[in-house]
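Read through the structure below, which is laid out as structure tokens, and then see the notes.
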């Protein structure tokens, strides 16, 4: 990138004289050379800081606009009817959503990355709750017996969570 491109809003004559002043290769005096190099470094630093500030502002604006793009349903928005066609009944989506919201809230309050989670990011809490409910309910045992799975699934409290380490 040329000096003229880096200067941005400067006029071409100011940029040309500035680049001539900033040519330290022919300067032999060490203190004068250091001044010129510092001036160049300061200019680069200010440009870098300006670019970072613009990026931050753009990111904040993008997050603000994206925040309303998707919102999870409220527990009251979901019908409390179970899935039809399953002989042993089904889980309550209202319960799953309510528990998921509770876990999300407690996670946001205790997480070291709380600021990042406030930007509208989603998580897999709902899937974990469905899995926990399904494996812990009598329906899982009935299904397993009907299908005839050779392997036995561990109880839900033996399943490691994503934030626990497996041993």
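Including glycine, each Cβ sits where the backbone N, Cα and C put it.
Copied over from TrEMBL:
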- 1-19: compositional bias 'Low complexity' (COMPBIAS)
- 1-85: region 'Disordered' (REGION)
- 33-48: domain 'BZIP' (DOMAIN)
- 48-66: compositional bias 'Basic and acidic residues' (COMPBIAS)
- 97-125: region 'Disordered' (REGION)
- 101-111: compositional bias 'Basic and acidic residues' (COMPBIAS)
- 146-167: region 'Disordered' (REGION)
Secondary structure composition of the compositional bias 'Basic and acidic residues' (48-66) [DSSP: H/G/I, E/B, coil]: 19 helix, 0 strand, 0 coil
PLDDT averaged over every residue in the domain 'BZIP' (33-48): 94
Residue distribution over DSSP helix, strand and coil in the compositional bias 'Basic and acidic residues' (101-111): 10 helix, 0 strand, 1 coil
